[in-house]
Structures are given as structure tokens and as C-alpha cells.
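Down below is the structure, laid out as C-alpha cells.
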Amino acid sequence: MTEFSPREIVSELDRFIVGHPEAKRAVAVALRNRWRRRRVPDDLRDEVTPKNILMIGPTGVGKTEIARRLAKLAQAPFLKVEATKFTEVGYVGRDVDQIVRDLVESAIQMVREKRRAAVRARAEAAAEERILDALTGPGSTAAREAFRRKLRAGELDDKEVELQLADTSSPFGAMDIPGQPGASMGVLNLGDMFGKAFGGRTKTHKTTVSGAWVPLIAEESDKLVDQEALTQEALELAENQGIVFLDEIDKVASRQDRAGADVSREGVQRDLLPLIEGTTVSTKHGPVKTDHILFIASGAFHVAKPSDLLPELQGRLPIRVELKALSRQDMRRILTEPEANLIRQHQALLATEGVTLTFTEDAIDALADAAVAVNGSVENIGARRLQTILEKVLEEVSFTAADRDGETITVDAAYVNGRIGDLAGNADLSKFIL
């Protein structure tokens, strides 16, 4: 779990996301509260529940990006899911309990990587012995040492070897649950049960020495790691530090002015209630309590309003954060300020062809103006409009870059307006092209 202070979390998010200080502060405090809860006396720890967050803001302002960056910062099991993927229990589709199962898988992967790293040195030594066995056979000490020196020097990387690796696949293949796409694992994963019954099987793999290291180190690491303790730690991690980001929550809100059966929409909300409030979900690794999992819900709420959500669900998302629509100045900053901004990405892509791409200040102004103009006249899709416009402006350059090695291309306002000036001004054309 990360030990950043709220101020450090906000400054870290500022490196990648422009604006929205309130949303950044809310997620920073929520993340820090996870750290604080672990230091609270035992008798109070179970009583401290996370304050779930509802982010409200138009599309393309950075709600999902905040979640993505938070996932990297959190160093905790993190899952981002779209609420629209789920249906009410009893209908064809995935039910919301799958969220917790996926979170547990994420936690297991995290703990496995951490434990593998702890035994990596021993696993590498064992993997080296197995590669030498494949190259020289189990005996021949003198030849083995000569091969060991060559192996460590990298002289044998291209040599082909035959390895016996554990076959973890089930002899019966994947078993999907009918009517639930992707739900091949549940409380009883038959594939796993039968796979273990036929355990101890190996499979012959032909590969180069350099390609053999990764599977061998993984296999040797897993032999050194206590799998039961790993699962137990992962379940505890998911229960106490898990974070779930529920995107597109507005799409399962039923509008009050709409008549008709919205069964599966409202049903998803009703199914989410116990999950967010706190319940126990059965997974193939064991039961998981959701009382202390932090839920961050977000939605554009273009058509529905937050008040269209079930009152009980609104009550379970006590912290409300509103993200404002992006201004022209925000658009300009998005093009230049974030570490992996769009302009830098395009410059790096074209640099691989030997083309140097530069943008003047007035070109950046023209791009921001065009994005704001099209968002205002057609449909406001926020910062995503910049991608569309930039692709259109650089279309010709990207196409001919392979023939322009060594050239420097300067993009100025005249260049930008020459490519998209007429389109941005014509609402009918913008609808189809920008």
C-alpha cells in the first residue's frame, strides 16, 4: 500500500492530468485513509469504513484517467469496470459478484509478483541448472562449468534447447458457464479441480536459451512460494485495501420521465447495493468480505441525473465530486503540460522514422481553438477531441514520414488552419470528420 501523503498524491496526479483539484483531493484523501485505517487501534479498525466517492462530470474531462493513474499509485489491488457490462442476476450476462472475483485475481497476481521477486535469486540459480541440464545432460562436470561460463556471458542465447515444463492446462479445456460470457471461473472451477487431479504432467517445449529464462524462473519461483499463504495474503489484501472504480454508473440509472421496463438497469443498481454496503462474496479462493473495499463511481450524467440513481445507492456514495468541462486554456495545457502529452507522443512516433516534428506556440493555440469550436458546435467530448484534430492535422505527415528521413517539419497556425480550418468552421462537415 502506498504511503504517499495526500499532497504528494495530488502532485503525482498533476503530472498527468490537467485541472480538477477537488477530484484529485477527494481520491487522495480516500487513498490516505486506507493507510490511516491500518494504524487505528484494533477495536476501531473494523468500524472505520471507506467513504465511497461519486465523480460527476462530462465525458472526456479525465474521470477515467484519474482512476488509471490512481491504480499505478495505489500499490493495492485495483479494478476498473464499466457498470454497463453487468446485468441483474437471472439475466444473461455477468453479475456484479464478478467484480469481487476479478479484484481477488488482481490481488493474487500482485502478491505472486511480490513473492516471486523475493525468491528470484534462488529461482534464477535453479533455472540456470535446468538450462545446463538441457545443454549438457545431468553429468559431465567439466563440460558443465565451461557451458556455465558461456551461458553467463550470453554466448548461448540463440542455442535451441528442449525443456520439460509443468503443464498447468486442464485436460478438459476451459469450462464456460452457459449464459455468462467470460464467467469460466466461479465458486467451483471444474477445470481447476480436474486439472489438479491430473497433476504432475509435463509438456516438452522447444525454445532458445534466452526464451527459456522467463518460464523457467516463473516455474522455479512458484515451487519456492507457499501457494496457500499467498492466497490468504491476497484475500486479506483485497478485503482491506481493494479499490474498485465503477465507470459509466449513469448508464444504469433509470430516468424518471421514461416509462417502460428498465428491469436490468435498476436490477444492476439493486445488486450493487449490498456489494458497496458490505457483503460476503464466494470466490474459488475463499469468501471475501466487501465491507472495507473502496468504491469510486463515475458518470457523465448527460441524460440521467445523480438523483435518478436509487436513493439507497446515492446514500452509499457519500462524497460527491463535480468535474468541470474543459476550457480553452485547459485544452492548451493538455497538449503541452502532462508528461506523456499528445504532442510529445506524436514527436516520438515520427522520430522513429528520423523526422523531427516541432510545434509553434500559435499552432498549439490553433489546435486548442479548433477543439473548443468543434466541441461547442457538434458534441462536447472533452479532451478526446484533441486526438481527432491532431490526427487530422498530422495525417499527411504520418503517411509520408517514411520517405522524409532527416527532415524537420514545423507545424504552425497556418499549417493547422490549412488542414482543418474549413472543417472546424462547418458544423455539418465537423459532425462526420472531426
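Residue 1 is the first one shown; counting continues down the chain.
Cβ coordinates come from backbone N, Cα and C, glycine included.
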Recorded ATP site member, picked from R144, R148, R149, R384, that accompanies V18, G60, V61, G62, K63, T64, E65, D247, E312 in Swiss-Prot
R384
Densest Cβ neighbourhood among E65, E312 (binding-site residues), 10 Å radius
E65
Lowest local Cβ density (other Cβ within 10 Å) among binding-site residues: V18, V61:
V18
Run through the Cβ atoms and count how many others sit within 10 Å of the one on K63 (ATP binding site).
26
